[in-house]
Amino acid sequence: MANVVVIGAQWGDEGKGKITDLLSRSADVVVRYQGGVNAGHTIVVDGQVLKLHLIPSGILYPDTTCLIGSGTVVDPKVLLGELAMLASNDIDASGLKVASTAHVTLPYHRLLDQAMEQQRGNQRIGTTGRGIGPTYSDKAERSGLRMIDLLDEQLLRERLQGPIAAKNLQLQKLYGLEPLDAEEVIAEYADYGRRLSSHVVDCTRAIHDAARARKNILFEGAQGTLLDLDHGTYPYVTSSNPVAGGACIGAGVGPTLIDRVIGVAKAYTTRVGEGPFPTELEGSLSDHLCDRGGEYGTTTGRRRRCGWFDGVIGRYAVEVNGLDCLAITKLDVLDELDEIQVCVAYELDGQRVNHFPSSASEFARCQPVFETLPGWQTSTADCRSLDDLPEKAMSYLRFLADLMEVPIAIVSLGASRDQTIVVEDPIHGPKRALLSA
């Protein structure tokens, strides 16, 4: 048995969906432990493109149990839409389980999220506008609604009437928006409760039952380390904890249940939204990475900012998450470049620094210190083993492994499942007997 956490080692969008899908073949249970519909992952199976925001990637395997844990925030309308989409593609998701204690995103959360972001003006954060921050805010203020509350219409009415009245005051007085009709909202969410009732369970109990039965459990994070509320580039972060420790809180397990942690990182770096980005590129190189990598957000459709691989934030992600190994994705995007740069340190106010600064103003002043490596200028898309890779591509991977001080277990060379090199099974294989410098 092995219980594994998969996290993003950058600013999200690293390709965790594909890696989780790949690892789900060896998992009995897959748990999504934080985030909401602000995250998205794309899976390509036999040329079929599936885009999911809430449902774990493991749903494509009929023998894998998928759980949406307590640390997530659930938009029931989106969840029902994903279930319908899967059904239309002949994928059975009837076994999906949603934590009864997961908090619910409501219409006023979305409206407030969008209004607050607009009001920030030049200080905007880059929120997706899906209501995630306000949902987590209500959770922290102990005024939120949980999935279990949707199952009892009378309780739902009691729990919603006060908050709707209070949020309507905010919408009207602060933002000049029309108020919500309380009866319409209550009726809508009572209907969601009826339609989702068969999926709502005590997920923490289900996870511990699986652990006692010595099942393989895969914990799937959303977003990435640098978007973590406590450890990311605050305030340009999400409202939850994507780091490995967040799996324990969001799933309701102790750290001793986790056997290993896998970090997913692109062979370059991207970021959506606002905030400092030391290795960001502009012009034709940025356009090349964006076009070759299809760098447009699954959730928002926004173009992602692109830059060179940043080893400083990479090492920080290794430390914060206790990474055992890495999955490097989109190596093929670099195939046509004659030179590739990698950030190995920063220069801050004339001093070389090797660490990620906690101060946002300091991080904004950091200039990258690059090392330049030769490109391989040949396609890697059809490579299926390390021996198939060009030597310069292998040298690049070894350089990243040495820089990050952690071995590489998986190399992804395209969106499809088969465009993958598994150096060593990161679930069942020996720790650290993988690709390293």
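Including glycine, each Cβ sits where the backbone N, Cα and C put it.
Among T128, T135, only T128 appears in Swiss-Prot as part of the IMP site alongside D13, E14, G15, K16, N38, A39, G40, H41, R142, Q223, T238, R302. Here the CA atom of N38 (IMP binding site) lies 11 Å from the CA atom of G12 (GTP binding site). Candidate binding-site residues: T128, Q223. Fewest other C-beta atoms within 10 angstroms, T128. Of all the binding-site residues in the record (T128, R304, L413), the one with the smallest CA separation from D13 (active site, proton acceptor) is R304. Other Cβ atoms within 10 Å of the Cβ of G301 (substrate binding site), summed over all protein chains shown, number 8. For G15 (GTP binding site), the same-chain residues 6+ apart in sequence whose C-beta sits under 8 angstroms from its C-beta are V264, K266, A327, T329, K330, S412.
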